[in-house]
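Positions annotated as Zn(2+) binding site by TrEMBL: 330, 332, 499, 514.
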């Protein structure tokens, strides 16, 4: 084998694995853009390529758009405008006819296992996925199994699978005994195996990348898990070979099947493969273009609603009562509803939108944990290590409780005692089962709270590292204040409100928590930020550097439970040097805003319930009910990102569909804050938006199916739907549709409305490769809010058109 062949194969395989988006584990689950690996390619081209090869959809069926047109939710004028924008015919009759036509199914890339299935074999294609999935579940297990997989670091993932498969007796019933011979003769070196597989398969020239992508996407969930391992390794400056090894495993399977299949099946497969390669219609670009037109038409219709609200606002900040309290919330769309109602019940309170990590890039280590966990956006590296601090008595009690719980669990589940335990002690669980079924208990505790009482949890402190100098702490405080926009007027009380959720029996619980905190609650970040900003030494240094901070200003951490909409101030009035009557007024306002927010949210959950007390009880019950598959709608419905001064959107009802980030260009002379917003929070919002989008348009491939059928695999790795198959990614059907199958999320790409000079935004886009790809390849739309309220959409570098 020549070095040239090896090098070409490696380059090809590297390109393929970079197309896969990562999947975070369940205990730090965050939304991910499933098309992240295709950001360098125009949306329309990816639509055509994936439909013709993998069979993956990127736009809704045209019948869905036809229904929108028929019901008046979409106007034919929107379609005509979208068609004109994208350079297609805007003829009304042509589009109406197109929407009524039955779409043709494009010719998909033929795969050998599927042909073998049709030739009377058992389901070979399904068996291959099952075999690899079972192996990976055992190989990557994170403590769920009592018997660990015997890993050999020298072998790596591919070598371990090779040994596992040579001993796998399930091959014989499937009629695959003959594949052991080529596998036994195959080198344990994955590089050699990849070359052998490529030579054996003999894929038509020019189609190799498409075929390998189809192979890897056939086990796409586990590929995403391996992509996460690679992501984490590269974030730390390292490398990881598991994703490349997984591709090797899938290539090897395909090559072994080719050698074991009958000549007739192989000849038919090669003939179909050549036909697909030569078929001009295998990539239906015309249909993909029309699909994007329809998608853009729905986006135009939504933007028109937002634009109308923005134009109705005054062109400058109106007079308002003196601000007594400021409350910083995460930009999460769920905060939009609460912020609107909070300002309504307390006019002297001003809310602020900022990413929920509050500018503190930290990782956090609880007492007893071997490794810290990230509490900052997954796109960034933590800069500060924070550890949990508690009185020694609390720590002792916690360890004692956790040790008892671990011992009891081991006794219940061990092979020696599990059956006798059920026989003798099973009856004692009747009360617990009834309580769980009738939701008489509180929601299951987050992992952070294990072994702690409620009072002990609130009393926990976040200890910053002693090695952090005063100058470094001051810089962190400046970064937080600048990000929050607190450069001039600061109120006597500033709430830092992180957010989390409270649900029961929900493997994807972390997905309801703060994405900017890497799938954790924002409690630690709020506490750490408040601790920094309340430090007297830091405050003195800030004043010396010219900051106009009121000496009486106190920063108070709080936590917003998005399931119940209760906001808990983390501490009591005695913990903070604040005016007691103002503190009570704030608590009263938070309670009133919570009631109003619950009433608004209930319109989407159970519209018939509108009594405040009943709604409050229902929301609490939903979090405690272990059979509840829709405890909250989370970020379903998200469609816009708005970075502008708060007065621009204050009192504006955005229906919980907009990420709201405060930004005042007049206070950002060098546009460094704008750069941060556009390259971090905006990209995270794009990830969230496109995960919801992908889960809607193709739940089979980019969603995780039916939540009722989920089974956790590997402890915290992910879920399977049922007892086998591929690891599932994305969102469940129940997170997107109500019980009547009515969509609660409209599949739209994110529209970012930013009040900043177009020149500044162009410059930031040009110097940031990721943002440049997302915007110019139409995965994200940027719209300028001009000072007088005019709106301009970015159509290219330096090209902005009025909307």
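Placed from the backbone N, Cα and C atoms, the Cβ positions cover glycine too.
Here the features listed in TrEMBL are painted onto the structure.
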| residue | record | CB count, 10 Å |
| --- | --- | --- |
| 330 | Zn(2+) binding site | 29 |
| 332 | Zn(2+) binding site | 27 |
| 499 | Zn(2+) binding site | 26 |
| 514 | Zn(2+) binding site | 28 |
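Secondary structure at residue 514 (Zn(2+) binding site), taken from DSSP and collapsed to helix, strand or coil, is strand.
Within 8 Å of the centroid of the Cβ atoms of 330, 332, 499, 514, where the record puts Zn(2+), the same chain has further Cβ atoms from 329, 331, 334, 335, 356, 498, 500, 513, 515, 516, 517, 522, 560, 562.
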